[in-house]
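J.: Residues or ranges marked as region 'Disordered' by Swiss-Prot: 1-24. Taken from Swiss-Prot, the feature substrate binding site covers Lys7, Arg10, Lys41, Pro42, Val43, Asn44, Thr45, Lys66, Arg85. The annotation active site, proton acceptor is assigned in Swiss-Prot to His12 on the grounds of similarity to another entry. The annotation disulfide bond is assigned in Swiss-Prot to Cys26-Cys84, Cys40-Cys95, Cys58-Cys110, Cys65-Cys72 on the grounds of similarity to another entry. The active site, proton donor annotation in Swiss-Prot covers His119, and the record cites similarity to another entry as its basis.
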Amino acid sequence: AESSAMKFERQHVDSGGSSSSNANYCNEMMKKREMTKDRCKPVNTFVHEPLAEVQAVCSQRNVSCKNGQTNCYQSYSSMHITECRLTSGSKFPNCSYRTSQAQKSIIVACEGKPYVPVHFDNSV
């Protein structure tokens, strides 16, 4: 079975990628990374930084998660990210996404040994 850490990588890390010149980025990636298999995942963020840098956030600024848990961490620096949002009127299996890029600090929930990201909480 896929571990939480592996699922995080599949859903949120695209180190070499960029959506800068590709308005279709989210449509392609959401499908490729299997987030449109049984439903259209409504919102998803991809981080275009090396995996090691994303994992390192687990030792950065400790903050509260949206759900009140205390195992969230905010990156000290802003990261190159792409936010994918389902367009209104889009219906499974024809999932259609709006692609927008940003430079933001990311907030992830971490757990396990090694202590690694398992959930993408927010970007600020």
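Cβ from N, Cα, C; glycine included.
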J.: Could you give me three numbers for the region 'Disordered' (1-24), the DSSP helix, strand and coil residue counts?
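T.: Counting residues by DSSP class gives 9 helix, 1 strand, 14 coil.
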J.: List the Cα distance (Å, whole number) between Cys40 (disulfide bond) and Arg85 (substrate binding site).
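T.: Distance between the two Cα atoms comes out at 10 Å.
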J.: For Val43 (substrate binding site), just give me the three-state DSSP call.
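T.: Once the DSSP labels are grouped into three classes, Val43 (substrate binding site) ends up as strand.
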J.: Rounded to a whole angstrom, what is the C-alpha distance between Cys72 (disulfide bond) and Cys110 (disulfide bond)?
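T.: About 6 Å separates the two Cα atoms.
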J.: Same-chain Cβ contacts of the region 'Disordered' (1-24) under 8 Å, 6 or more residues past its ends?
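T.: Distal contacts: 33-35, 44-51, 54, 80, 82, 99, 101, 108, 111-112, 116-120.
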J.: Around the C-beta of Thr45 (substrate binding site), how many further C-beta atoms are within 10 angstroms, looking at every protein chain?
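T.: Excluding its own Cβ, the number within 10 Å is 19.
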J.: For the C-alpha pair, I'd like the distance in angstrom between the residue listed as 'active site, proton acceptor' and Cys65 (disulfide bond), rounded off.
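T.: Approximately 17 Å lies between the Cα of the residue listed as 'active site, proton acceptor' and that of Cys65 (disulfide bond).
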J.: Can you name the disulfide-bonded residues among Cys58, Cys65, Cys84 whose CA is within 10 A of the CA of Val43 (substrate binding site)?
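T.: Of Cys58, Cys65, Cys84, within range: Cys84.
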J.: Consider the recorded positions Lys41, Thr45, Arg85, His119 and say which one has the Cα lying nearest the Cα of Cys65 (disulfide bond).
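T.: That would be His119, nearest by Cα distance.
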J.: Can you tell which of the recorded positions Cys58, Cys84, Cys110, His119 lies nearest to Thr45 (substrate binding site) in space, using Cα positions?
T.: Cys84
J.: Pop the Cα-Cα gap between His119 (active site, proton donor) and Arg85 (substrate binding site) into the table, whole Å please.
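T.: On Cα coordinates alone, these residues lie 17 Å apart.
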